[in-house]
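**Q** Below are the features I grabbed from TrEMBL:
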BINDING   S64, N114, E160, N167, Y191, Y243, V261  substrate binding site
Amino acid sequence: MTDIQRVVEEIAEEMRARPDRGEVATYIPELARVDVRQFGLAVIDTEGNVAAAGDCDVPFSIQSVSKVFTLTLALGKAGDRLWKKVGREPSGSAFNSIVQLEYEKGIPRNPFINAGAIAVTDTILSGHQPREALGEIVRFMRFLADDQNVHIDEAVAASEQRTGFRNAALANYMKAYGVLENPVDFTLGVYFHHCAIAMNCRQLAMAGRFLAQRGKHPVTGLSVVPPERARRINAVMLTCGHYDGSGEFAYRVGLPGKSGVGGGILAIAPGKASIAVWAPGLDAAGNSHLGRIALEALTRRLGWSIFGA
Ligand SMILES: NC(=O)CC[C@H](N)C(=O)O
């Protein structure tokens, strides 16, 4: 057994035993049904060695973790023009906050808060039909995960479509400022559906590998993005990937990471590994409670924080 596999199994064991699990998201009714006792962890190093434990094969709703991949696609389409529509500063406010948008004239602070991700999705749509844009996003996820078995959980998408009034407010607000180009319902439809992509920890860690290896696809060796872009996406993940918990995540874990309200976190140890953890219970900022604790244990034991041991 490798050191990494031993550490991953130890952590899964420790997390299973903990009574503090956080609370599942309830504002998307379908997510409220998920069993909070689950825990999965998968680490894939740059040579392709997989260390995994717990519920690492159970698919979960990746939610905002999808925003890393839509950002990658949108940068591929629009290049640096994307940064006219969305900033890259931490927001210091909740993921679904509205107040900042008014002060900043409809330009969201960063691509990972909901408003920013909706603006990113709008860039991917750029005049196409929602079905085509969604197809492109799902194909990209399958290509990166090297697995055709990645799909959209329609029940989760429909659940959020029915209840996503706050996101509708954010989108309409940006539309009023001319930040969104497509019909609001098109952009929101694609956004809700890409948030509803279901993947397991192994698939998600695989999909993130290009960010750990200078933009290269792990299987084909092709360039997914140039090294400079991979570095920059990691930087935005570090500063903005956990909303108003981003400082705490950097302090404790020390890796670029992106969380979702399904309880997943994708974390990148540049040059070393891609890591996916899933524990559905959330903390007050909407980030996976045990996911963060597990990653803190992992980076400490393996000495993987980008800030040193
Ligand atoms: N933080 C999240 O994962 C939020 C994503 C969710 N789909 C929403 O828009 O509210």
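Positions of Cβ are set from backbone N, Cα and C atoms, glycine also.
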**Q** Quick one: of Y191, Y243, which of the binding-site residues has the smallest count of other CB atoms within 10 A?
**A** Y243
**Q** Using the residues the record lists for substrate (S64, N114, E160, N167, Y191, Y243, V261), what whole-number Å value is the largest Cα to Cα distance?
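**A** About 20 Å separates the two most distant Cα atoms.
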**Q** Measure from the Cβ of N167 (substrate binding site) and count the other Cβ atoms within 10 Å, all protein chains considered.
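**A** Its Cβ has 21 other Cβ atoms within 10 Å.
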**Q** Which residue, out of the binding-site residues S64, N114, shows the minimum number of other Cβ atoms inside 10 Å of its Cβ in this structure?
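**A** Minimum Cβ neighbour count within 10 Å, taken over the binding-site residues S64, N114, occurs at N114.
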**Q** What binding-site residues in N167, Y191, Y243 place CB under 6 Å from ligand 1?
**A** N167
**Q** In three-state terms from DSSP, label V261 (substrate binding site) for me.
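**A** SS state of V261 (substrate binding site) = coil.
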**Q** Neighbour count, 10 Å Cβ-Cβ cut-off, for E160 (substrate binding site): what number do you get?
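**A** Result for E160 (substrate binding site): 24 neighbouring Cβ atoms inside 10 Å.
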**Q** Determine the Cβ neighbour count for V261 (substrate binding site): the number of other Cβ atoms within 10 Å of its Cβ.
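**A** Neighbour count, Cβ to Cβ under the 10 Å cut-off: 25.
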